[in-house]
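These features come from TrEMBL:
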BINDING   470-477, 516-520, 570-573  GTP binding site
COMPBIAS  132-149  compositional bias 'Low complexity'
COMPBIAS  157-193  compositional bias 'Low complexity'
COMPBIAS  200-216  compositional bias 'Low complexity'
COMPBIAS  226-241  compositional bias 'Low complexity'
COMPBIAS  247-272  compositional bias 'Basic and acidic residues'
REGION    114-370  region 'Disordered'
REGION    464-612  region 'G-domain'
Amino acid sequence: MPSNTVAQFAEELNMPANVLLDHFRSAGVELDSVNADVTEADKSALLESLRRSHGSDTGKKVVLTRRKTSEIHQADGSGRSRTIQVEVRKKRVLVKRDRSDLAEAARAEAAAQAAAAAAPAPEEAPAPQAPAAPAAEPVAALRAAEPAAPAAPPAPAGEAESSPAPAESAQPESAPVEAAAQNEPAEAVAPEATHQDPVSETPVAEAPATASEPAPAAEPAPRVEPVPASSAPVSAPQATPGKARRAPADADRERARRAAEEEAAALREMMRQPRKVLRAPEPEEAATTGTLHKPAGTKTTVKKESEGKKVIKTSDVSSSWSNDGRKKPSKAETLSPGAGRDAWRAGGKGGGRGGKGGRGKGRRQAEHQEPMQVEFIAREIHVPETISVADLAHKMSVKAAEVIKHLMKLGQMVTINQILDQETAMIVVEELGHTAIAAKLDDPETFLADTEAASEAEALPRAPVVTVMGHVDHGKTSLLDYIRRTKVATGEAGGITQHIGAYSVKTDRGVVAFLDTPGHEAFTAMRARGAQATDIVILVVAADDGVMPQTKEAIHHARAANVPLVVAINKIDKPEANPERVKQELVAEEVVPEEYGGDVPFIPVSAKTGQGIDELLENVLLQAEILELKAPVDVPAKGIVIEARLDKGRGPVATILVQSGTLHRGDAVLAGVAFGKVRAMLNDTGKPAAEAGPSTPVEIQGLAEVPAAGDEVLVLNDERKAREIALFRQGKFRDVKLARQQAAKLESMFDNLGEGVRTLPLIVKTDVQGSQEALVQSLLKLSTDEVRVQVVHAAVGGISESDVNLAIASGAVVIGFNVRADAPAKKQAETNDIDLRYYNIIYDAIDDVRNAMSGMLAPEKREEVIGLVEIREIFSVSKIGNIAGCMVLEGVVRRDSQVRLLRNHVVHWTGSLESLRRFKDDVKEVKAGFDCGITLKGNNDIEIGDQLEVFEIKEVARTL
């Protein structure tokens, strides 16, 4: 039954009506419903749409490309043989077509022969344009008939001039018909075309036939126009099979093949003719002879051009490619844009050799002649704490010489590998116009922040940490001693505390951790560390002494750490105690007692009798309850190094205060630049402990080196990470130290040049880290403008043989504070006369160094008047001069004394005596009441009545 509606047509096609309706609509046929009528035009539109979307099975094409490489030998101008690589490309197109197409091709034989007969034009270029007009109609008809025919892949533009196959890119609809006709001729056409220019390998023209026609591309527009016109006859026979595609036909394949061969032969003849007509001796064409091969059919042209231009001939036979490239560096730039595919032949690129290196060389030379102006780009430079000159230049994308030049302008002589500190580097960055940002890049310590953020546990109440501070000899340790019921103070040298101690005390209301700090002025850093690690500060003030300098300093430390104060007025049992005066002095320091309306409790105590101790502890615990101190327990421990020392038998030992978490034996610990595992752990009483919770002071062993007092202690799960962070910190500390030393050397180099500053070198060895820090700082403060203390080396531990060797090399004095030298070190010191000095009290060490510096000071010269002489008579002797007859009025006059001539009580001359006689005898001195004869050295201007003041210059030792 005829299908007049969509539903009927769908039933005939055995598919759902709705789907077919959607296909109609997508094809542009607007139908209302499945009952709408379908015309033949609608079905044709549907068929075209389906062919466009799914493709047509009528045209199946296979393109085969074959490459053949060979070599030819040709002698250059110097007689040497050159080997030239020649590549021949062949292209074959295979198309599977319907039998109807073959039959129609046979019927079109007559039309093809007529087109082939009309195609050849012996000497005229416009003749091949005649068949171009009738070709438009078949092409349009073919496009309307086969819209779904698959388009052949676009061929390169250069193939349109030499091979019939590239014409498919211009007319994709006729591709299957024409390609089949060229199955046999294509193989013959391609080698013939490529023979003209076998080494054409430029990316612009892939086909070998492209380079065989350089003239039309290189000539101006009027001469280039005939070349595309030559392809017009190609489209005329292409359109003939396009008409036959619409009508059914049965023909034999052999006749179609012969027709195609004749058509291809006509095309070859047609394409050969314009080549002779269009090739003209233009200046640009002269570049064709720049290659070493001989294109076919160009002998006469080469001869004429070589006679006209000698430069081209020299480029052809030149033996030096690079020289030719320098002679003609910009030849390629003068060519027209259409000559791009033949520009490789010109002598301007690569000296006419056409090689890849020659093209690159010419390009590089052009860039060298016209350097690009690089625009300045302002960058954000992240400057770490230390950076080398080379790295800084790399960050700013400038040469290191630029950075060194700017540093020299700033007065700093540096090398490319020298380390700069952060401030200097940032100044240089700003000078060069960039933005400097202080940053720490690639810092492994960021791992610590991630670890801390990840560990979130429940915070539980913890014991308070109380620091006892105050002036020296005000009874801090004695007060703590009474609380602990032990005798600690008697164990300290000189009865003063020189170490920071950490103790844990159990009371009726809980446990309290006490930190005892030194009161001596040298231990400022220790007191600051104690204030930072504490929760409450007990300020001890002696009732009979009042507020002293270290008392004020302790108040400032407590305020800086934002820690509450509890004032203990000690020695209240003494008769001369005056608590009211202490209160008034503390009020002047803005420490107001509670009875005056302030917030600081004042408790009178006696460390000797124990008066007020319980009340003091009660106030401390009350302050702790107000603070609501809490810390997580079941997390890795975190704390602070209170003190550290090097024990001869146990190695590095650190006293730490656990602030949060729990420290276990065997934990991997990171303390500043030191790392290790907790091998042993002792509590404040010296007993082994397996773990330590928050607010617990312990002594640990197992660190690789002695940490610095005040360093943060962290427990890490990964020992390898702890080692990495510790090594990173050590390197950073070393770089910073070297950068500071370099800056100090540059600053002090010219200052000390002409002043003759004397230096006292010292090597300091102490028992603990805190004492070393305090002693070194105190010694450095003794430096003056004339004598400077130089601490060559300071470390923790006993005096070793290496320390003595360092003292020998530097001429230093070795100071041991609570340490001794071993036997080899003593023997070495005695042999080389090295001064070893041992001290137990920091006062003595400072005083001895001060005395040594005083001995190094230049002595002070003072004038001392020793006599007074009056001139009573003058004797003139011809050969000697004037001789003064004098009477000694006071003191004594000596032969080597200095004198001043006083006339009317005004100093008239100052000098020395030339001779001193008494009764013609030379004498050494004349005492008061005796007369004498005196001659003055270099002065005869004396009068009767003048007085001579006799004085001596004595050197007096100075003290600091």
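Just so it is clear, glycine is given a Cβ too, placed from its N, Cα and C backbone atoms.
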>> Restricting to the chain of I572 (GTP binding site) and a gap of 6 or more, list residues whose Cβ falls under 8 Å of its Cβ, or answer none.
In response: A543, P579, P604, V605, S606, Q611, G612
> Between G470, D473, K476, T517, which of the binding-site residues has the fewest other CB atoms within 10 angstroms in the structure shown?
Replying inline: D473
> According to DSSP, which of helix, strand or coil covers D473 (GTP binding site)?
Replying inline: coil
> Roughly where does the region 'G-domain' (464-612) sit in mean pLDDT, to the nearest integer?
Replying inline: 78
> Under DSSP, is T517 (GTP binding site) helix, strand or coil?
Replying inline: coil
